[in-house]
Every structure is written in structure tokens, then in C-alpha cells.
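Just below is one structure, and these are the notes that go with it.
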Amino acid sequence: MVYSDKHRKINVPTDNVPIQATLRQLEQPICLFGERPAERRRRLQNLISSLSDNEIAKILLALYHDEPDELQTARYWIAEYALSRAKERIEKLKEYVAIPEVYRTANIQGLYRELREWFMQTLNNTRFWHPQSTLAQDPAMINLASSSFDGSVKLWNLQSHAPFRVSKVKFPSSGRFLVTTCHDHSGRLWDLETQEEILPQEGHSKAVHDITFHCDGSLSATAGMDTYGRIWDLRTGRCIMFLEATGSEDNLCKIWDLRPIKNVYNIAAHESLVSTVKFQRTEGHYLVTVSYDNTIKSWTHPIWSALYSSKGHE
């Protein structure tokens, strides 16, 4: 089936109860003979895509989760935190621009020299995933080892879907919250002070593979196995930008300008699937890419020339 842009942009829940409630609202059978939850969700998405924009708006209003008091408090806190971070960031940028360009260039060149001399041995003690996890390693075998402050060490496989596989666990810059992305098509926001889940964020039609955050803490970006990216405003819980992208199986690293939402440059970075990309957190002077060709590489910004390459996990 070929899906239209309108069809792809429709957010429907992943939980079975709200799906059935929405089908009932559309005066459709809540369950067909032999229909599985994933098929029921797809049927709802197909039904909504056939409606007019006004009808879709009325339906989608009911698909957002009710906002508990804890979530409202968290969003106010995120908004205040993001404003203070933005003010601090702008002040630092003004100070940076005031530095003569000759000194800025010299500092960047010194940084690049350090990167070219970087040794992989400095990372030898941070390996938690099995080297062949999601590659040659059987999903039923041990793929991940985790340790805890209680002294326990646990070994995990990737075969079980109860609970669903969690693909990423990350802290926003504030450190108060924790975000997990899961193969049940959702991302979840946890308040570490109350130790409770305060928001199940839905929007992708397949597993959510990765998430990252704006340095101010106000926005997040998710990448799904449905090959689409979404930008979320954590202060409101709304998807504010929908990005049509690739899943990087073309072996390219794509550079995007988020203002016109345009692909401005392609780096022929690797010989296999690109699994992770990450900018330098502070100034963004370089970019690091990781690939299934067993290499990790770094690239200068904005020239995108190769700085460093290391091969491992062979």
C-alpha cells in the first residue's frame, strides 16, 4: 500500500482502549474477526485519512492524553528552565562572537588536532552492548549486560516483547527528567523526583529508535523506524515539526537546515547503515558518526571533511 503525506502525518494512539473508543466514535466496529491490535490501529489510521481536514481535527483532539496535575507542573517547570537556559546560551554566544576571529580559528584548529590524535583505547571500558548485538548475535542470546548500585548484574536478550524493547534512555539537560523510547511506538517522560511516568508520547507508526534534546531543554527530536522524524515541544507536548527523512540505509549522513526544513548536504560517510550521529555538545565544531561497517568517524563543521576514523568490534 502506498501511503500519502496526509496518511503519514496522522497520529493515532498505540494503546488498544483509546483505539477502540475512537472507532466507536466513528461508528465503526471496534474489532473485526481475527484482527490483531496492530491491524486495528492501521484500520483506524486508514479511516481517519479518508476524512476531511475539519473532521480529522475533531477526531485527533480526542487522541491526546488527559493532562494530570503532575504533567502540567512538569511543563511549567520545563518552560521556566528552558527560558533561563536560552538566556544563558545567548549571552555565551555574544561573548563568543566578541572574540577576534583569528583566535576562534586557532582554537578550532587546536581542537581538530586533538581529535586526529584521539585513541580508541580511551573507550575500552565503556562497552555494555555485545559487540555483535543486532548484527550477528542471535536475539535469543545475551545481547546486553547491565549493572546496578544494588550490586546486581543482569544479562538481557532482545527476543522478548514483554516488556517491549527500550531502544534509548536519555536525560534532558535539566537532569530532573528521564525519557525512554520504546518499540511500542512511543516515548515516555519520567519525573525522577516523584519516580513516576507522567507522559506517554505517541506519534510514530513504528518503533521509536532514538531521541535527542535541544540544549535549552525545551524541544526534543525523535526518529522512528517509520523513517520519519518529529520535533516535539516539551512545554506543550505537541508535535511542532514533521520531517521526511531516510533511515540511513543509503550509507549517507544527511545535514538538515531546520528553518526551511531542507537537506543541505550529504556526507558519503560509511560503507554500511549509519546508526548514530552526534554533534559536539557545546560549540558544534565537529560531528561524530557511527555505522554498521564497524567504524566511528568524526567530521569538521561546516566543511564536513574527515577528521578521524577508527575501526572496531570486528
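Glycine is no exception: its Cβ is also placed from the backbone N, Cα and C atoms.
Note: TrEMBL annotation is automatic and uncurated.
Look at TrEMBL and you will find 14-66 tagged as domain 'Pre-mRNA processing factor 4 (PRP4)-like'. In the predicted structure, the domain 'Pre-mRNA processing factor 4 (PRP4)-like' (14-66) carries a mean pLDDT of 75.
Feature annotation from TrEMBL assigns repeat 'WD' to 144-166 (among others).
When Cβ-Cβ distances below 8 Å are used as the criterion, the repeat 'WD' (166-200) is approached by residues 14-15, 65, 68, 70-71, 74, 77-78, 81, 85, 206-213, 215-217, 220, 222, 224, 234, 237 of the same chain, each at least six residues removed from its ends. Look at TrEMBL and you will find 166-200 (among others) tagged as repeat 'WD'.
What TrEMBL records for 201-242 (among others) is repeat 'WD'. Across the repeat 'WD' (201-242), DSSP helix (H, G, I), strand (E, B) and coil residues number 0 helix, 25 strand, 17 coil.
The repeat 'WD' feature in TrEMBL is assigned to 267-299 (among others). When the repeat 'WD' (267-299) is classified with DSSP, helix, strand and coil residues number 0 helix, 18 strand, 15 coil.
Here the repeat 'WD' (166-200) has, by DSSP, the following mix of helix, strand and coil residues: 0 helix, 22 strand, 13 coil.
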